[in-house]
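These come from TrEMBL:
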COMPBIAS  73-82  compositional bias 'Polar residues'
REGION    52-83  region 'Disordered'
TRANSMEM  12-30  transmembrane segment
TRANSMEM  125-145  transmembrane segment
TRANSMEM  151-172  transmembrane segment
TRANSMEM  193-213  transmembrane segment
TRANSMEM  225-243  transmembrane segment
TRANSMEM  263-291  transmembrane segment
TRANSMEM  336-352  transmembrane segment
TRANSMEM  393-411  transmembrane segment
TRANSMEM  444-463  transmembrane segment
Amino acid sequence: MLSILAPYKNLILQSSLSVIVPLIATLLRLPTRFLLGLHTYIHPENLASDNKPQSGVRAAIRRPEPSDPGLNGYQNLGSNGDSIRKRSRVRDKFEFDENNAQIFRLVIVDSHIESRVYFREYRDAFVYTAMGLSSLVLCNCLLVGSESDGVLVNGSVVPLLLGFVAVFKVGFCVGKASFERSASRRLEKQTSVVLGVLGFVFAVAIVFLDAPVVFDFDLDDIDGFGKFLLCVFAGCIAGFMFIPANKNARAFWLGTDQLRWDLSIISCGLVARVILYVNFLVIIFTALLWINPVSDIFVMKRNSNPNVVNWGKGLFTFNENLVGKIGFVQSEFRKLRIWFLLASGILQFAAIRPNLQMYLNEAVLSWYQRLHSGKVPDLDFSRAKIFLHNHHLCLVVLQFFAPSALILSFVELSQIEGNLLKTFPIVCKFLPCSILVKEGALFMAWWIVFVWSVFTSLSLALYRLGFLYIS
């Protein structure tokens, strides 16, 4: 019996893992537990009836006690008693009710998360991504047999199928969330569509025109229809990522306290702030590694003279013992770029909780601004904003989760050894197998990092210049 099953050990391991991972994630409720410990806020409309505060409720702010309208025995020669009483009635008409200004901080619990809209989409995206990544990592760690062994022996059918299912599941969910009617403004949706079209055009310029001149990609093995589908998917990603990247920029702006508000209620901890800074810098650096003027700096190119090496645009003599210590050879530089892509995806995942907390704190900032904007603050807008931020909690988590999930999935797909796609003759009759090659997945991983870094940097620049502000 064991001798019969021995050739199919990879398939058995992959199938077992594809069942165990979603089962563990569901039983342990990992998507929900990942968000536990964060803080949300509520702004009740009325906490008191008949001007009698409820027992046990403490107001967030206190208004000074009204002074005695009397003058302690002194007579005001310019006013009589009637005018004083008249002014008192006018002041009482606009008296500020501190009970309606209270805001409460709550710790997020399971029931709060699971009752939000888009929780099912977030949970499914989390589980599918965990299942696909675990299968792809196992596939890259196992010694896969030759291509002639077939998909049943080498077990390649499971990781490829789960990997692409996870990619399209996350892409569909984040696309649906980006065009949710009440989650963003109409102008943001229109801008997303425009940027999606521009992203498609830019991807066409990279894939079809002069990619090797400016961008270091080898996409010649992909046929025309495969390149077209790659550009369409790149355009969709560009459109879907605009709104999440804008929220990421606002979270970075608040979390790093760029305007030096120094408000403890919206401040970010030291560890979370370091994660935000490192994540932002690594993503920008990773996006630049595929641009030839930048990548040439890190790659050594030999000349005909064995003692001369090209490092960027200069010529330097070197000792043979220094090879690999000054710059990188091409093969090592490719590995370095893969590691930076993995680091970008992991840091994006690590920044989900700080970004989400800053998203919730953004509503508190709106409450704080309107509380101090006038003598009689109008808190209806801040109350509505706090409600909407709570209502769209899981939707925003999904938008922050999508980049890391897609980056890690595409990187793992690009690292599958061998040309295993030729073992899928049935699939190749309906889909161009060239789109599944490693360079296509690697291009999509870089594209997500590139688009995310561009949108985030432009948004931060507009905040710095004062064209955008948080209210």
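Keep in mind that glycine also has a Cβ here, set from the backbone N, Cα and C atoms.
Curation plays no part in TrEMBL annotations; they are all automatic predictions.
Small disclaimer: the values here were computed from a predicted structure and weren't measured.
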Are there 3 or more C-beta pairs under 8 Å linking the transmembrane segment (393-411) with the transmembrane segment (125-145), counting only pairs at least 6 apart in sequence? yes
Tell me if the transmembrane segment (12-30) touches the transmembrane segment (444-463). I count contact as 3 or more CB pairs below 8 A, with pairs 6 or more residues apart. no
For the transmembrane segment (225-243) against the transmembrane segment (12-30), do we get 3 or more Cβ-Cβ pairs below 8 Å once near-sequence pairs (under 6 apart) are dropped? no
Same chain only, please: residues at least 6 beyond the ends of the transmembrane segment (393-411) with a C-beta under 8 Å from a C-beta of the stretch. Say none if there are none. 35, 40, 108, 112-113, 116-119, 121-122, 125-126, 129, 132-133, 136, 163, 166-167, 170-171, 173-174, 177-178, 180, 183, 237, 240-241, 243-244, 247-248, 338, 341-342, 344-346, 348-349, 351-352, 355-356, 359-360, 441-442, 444-445, 448-449, 452
